[in-house]
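S.K.: I have a structure here, written as structure tokens, and I will follow up with some questions on it.
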Amino acid sequence: MPQSATSPIGVFDSGIGGLSILRALRQALPHERFVYFSDARHAPYGERDDAFITQRCMQITQQLLEQARIKLLVVACNTATTVAIGQLREHFADLPIIGVEPAIKPAVQASRSGQVAVLATERTLRSRKYQALRQQWATQATVHDVPCPGLAAAIEQDDTALIDALCARYMAQALRPATEDATETAVDCIVLGCTHYPLAAAALLRHAPAGVSLIDSAAAVAQQTQRRLEQAQLLASAAAPCPASPGEPATAWLELRSNGDWQFLQCQAARHLPPH
């Protein structure tokens with residue numbers, strides 16, 4: 001079946017983190033239909049080797065193409081983007097594929113102090129892709145890397161006490177001056193460099209002073225997705241809405257899939273996605 005404007009957009013992550021990207025996509029593209037896949041059985045990707053992550057990304061993409069006939073894929077995971085997006089684009093050359101990367105550029109542009117912190121997994125922070133991105137903006141701001149081991153897993157487990165404790169720890173590290181010089185300007189923009197972290201934004205902000213902004217990649221991913229759909233003439237319109245699946249309300253246009261606890265994914269989607 002050829003791709004058409006009424007075909008769905010595929011979105012996947014190792015778990016629920018990609019819901020932060022899906023939220024922005026649905027807000028920006030209200031006439032589109034989405035299929036979201038949570039690879040919960042293999043989460044978190046940050047603990048897997050590159051070969052395994054690439055294999056899972058290839059398998060998931062193939063399944064979404066065969067089973068859902070997707071017209072575009074959003075890799076809603078920083079680790080998967082870092083490790084596998086090049087091979088995905090090479091293997092699925094006819095499929096538009098959008099990845100995510102830490103939002104250093106908008107953070108640097110928004111910062112008044114010239115001090116930016118990036119919260120991310122250790123895997124992302126040590127990747128060549130991230131280091132190259134960081135280097136692009138090194139002359140315009142000081143970028144502080146803050147590895148956040150355990151935070152994505154705590155969010156995935158919905159462990160509110162652990163989430164709050166880790167957010168307190170990592171925000172303190174992000175906001176702590178790099179030197180003991182009392183005149184050093186404070187960090188005022190914090191990049192959420194993992195798609196799970198926006199789901200804990202309220203906890204992060206509880207441990208931040210007024211004037212500190214949290215910046216993630218979701219809006220940029222949604223904008224890029226819209227541009228790619230327009231270029232390929234695959235953008236759904238109100239005049240030609242996407243058909244609903246049997247038994248699905250025409251206003252829903254969202255299918256949730258998981259190889260883990262589907263009810264947990266459904267609950268988290270209801271919590272983090274606005275009514276559509």
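The backbone N, Cα and C atoms fix where each Cβ goes, and this holds for glycine too.
Found this in TrEMBL, in case it helps:
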{"type": "BINDING", "residues": "ASP13, SER14, TYR45, GLY46, ASN78, THR79, THR195, HIS196", "note": "substrate binding site"}
{"type": "ACT_SITE", "residues": "CYS77", "note": "active site, proton donor/acceptor"}
{"type": "ACT_SITE", "residues": "CYS194", "note": "active site, proton donor/acceptor"}
S.K.: Find the longest CA to CA distance in the recorded substrate-binding set ASP13, SER14, TYR45, GLY46, ASN78, THR79, THR195, HIS196; express it in Å as a whole number.
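M.R.: Across ASP13, SER14, TYR45, GLY46, ASN78, THR79, THR195, HIS196, the widest Cα separation comes out at 12 Å.
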S.K.: What other residues of the same chain, not counting ASP13, SER14, TYR45, GLY46, ASN78, THR79, THR195, HIS196, have a CB atom within 8 A of the CB centroid of the substrate site?
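M.R.: For the substrate site the neighbour list reads GLY15, GLY17, GLY18, ALA43, PRO44, CYS77, ALA80, THR121, ALA152, CYS194.
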S.K.: Measuring Cα to Cα, how far is THR79 (substrate binding site) from CYS194 (active site, proton donor/acceptor) in Å?
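M.R.: Spelling it out, the Cα of THR79 (substrate binding site) and the Cα of CYS194 (active site, proton donor/acceptor) are 8 Å apart.
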S.K.: Please work out the number of neighbouring Cβ atoms within 10 Å of the Cβ of CYS194 (active site, proton donor/acceptor), leaving out its own Cβ.
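M.R.: Result for CYS194 (active site, proton donor/acceptor): 30 other Cβ atoms within 10 Å.
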S.K.: Could you state the CA-to-CA distance between TYR45 (substrate binding site) and CYS77 (active site, proton donor/acceptor) to the nearest Å?
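M.R.: It is 9 Å, counting Cα to Cα.
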S.K.: How many Å lie between the Cα of HIS196 (substrate binding site) and the Cα of CYS77 (active site, proton donor/acceptor)?
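M.R.: About 8 Å separates the two Cα atoms.
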S.K.: Hey, of ASP13, SER14, CYS77, ASN78, which of those recorded positions are within 10 Å of CYS194 (active site, proton donor/acceptor), Cα to Cα?
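M.R.: Close recorded positions: CYS77, ASN78.
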S.K.: Using Cα coordinates, what distance in whole Å links THR195 (substrate binding site) and CYS77 (active site, proton donor/acceptor)?
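M.R.: So the alpha carbons of THR195 (substrate binding site) and CYS77 (active site, proton donor/acceptor) sit roughly 6 Å from each other.
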S.K.: Looking only at Cβ atoms, how many others are within 10 Å of the one on TYR45 (substrate binding site)?
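M.R.: I count 27 other Cβ atoms within 10 Å of it.
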S.K.: State the Cα to Cα distance, in Å, between CYS77 (active site, proton donor/acceptor) and GLY46 (substrate binding site), rounded to an integer.
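M.R.: Checking the Cα atoms of CYS77 (active site, proton donor/acceptor) and GLY46 (substrate binding site) gives a distance of 10 Å.
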S.K.: Are there any residues at least 6 positions away along the chain from ASP13 (substrate binding site) with a Cβ closer than 8 Å to its Cβ? List them or say none.
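M.R.: Same-chain residues close to ASP13 (substrate binding site) (Cβ under 8 Å, separated by 6 or more) are LEU19, ILE21, PHE37, SER38, ASP39, ALA76, CYS77, ALA80, THR195.
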